[in-house]
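For reference, the structure discussed in these notes is given below.
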Amino acid sequence: MVIAIYNISSTSARVSWPSSPTCIDTFYSVMYDPNWNSLFMGYKRKSFMHEDRIPVSQTSTHLANLLPQTAYFLCVTCQAANPVREQCQVFSTLSDSSEGHDRAGWELAMAVWLICCILLLVIASILLWSCLNNICILPGQAAARHPDVIGEDPGHGHLDGELDPATHGELQKELSEPQLGEVTALLQGL
């Protein structure tokens, strides 16, 4: 049985269902309850707080005096039967102030907030990864990244103030007189 719930406000709702030719009783039983224990205790008629009896000739009813912003568990069945899962539906009433107009704005704000949080998390992750990748260099990785500066042997290399002659041969050359003259002429031309 497909139950349709529509025209939901803060204190009322409209419920409709298809007629059941197998229902020989004189009325339908529309049971609803804001207490979700009825769902967990099984579908028993006595576990529902509210029950409206609707003549078999009708297939809809108006529920009134509902609580605002409340989720309801509703079942429609023939009077003598306990409801089954297919005969039940869950719906929520609106808030007192909005009557549905403010709900779309609230949902939009929640979506924007969620997207901003996800973007912030992605940006923070990228920044953290780049900082850790550049700052936290393990000793084995340091030699692999800069083999010409840091030698495997801590007694040799750039950090001790000595230059490795094989790697930094070009830095050990002294400027000769012709090179110094070329630099001076170049600077005077500017």
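Glycine is no exception: its Cβ is also placed from the backbone N, Cα and C atoms.
Record features, source TrEMBL:
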DOMAIN    1-96  domain 'Fibronectin type-III'
TRANSMEM  108-129  transmembrane segment
Problem - Intrachain residues whose Cβ lies under 8 Å of the transmembrane segment (108-129), provided they are six or more past its termini - result: none
Problem - Residue distribution over DSSP helix, strand and coil in the domain 'Fibronectin type-III' (1-96) - result: 10 helix, 37 strand, 49 coil
Completion exercise
Averaged over the domain 'Fibronectin type-III' (1-96), the pLDDT of the predicted model comes to 83
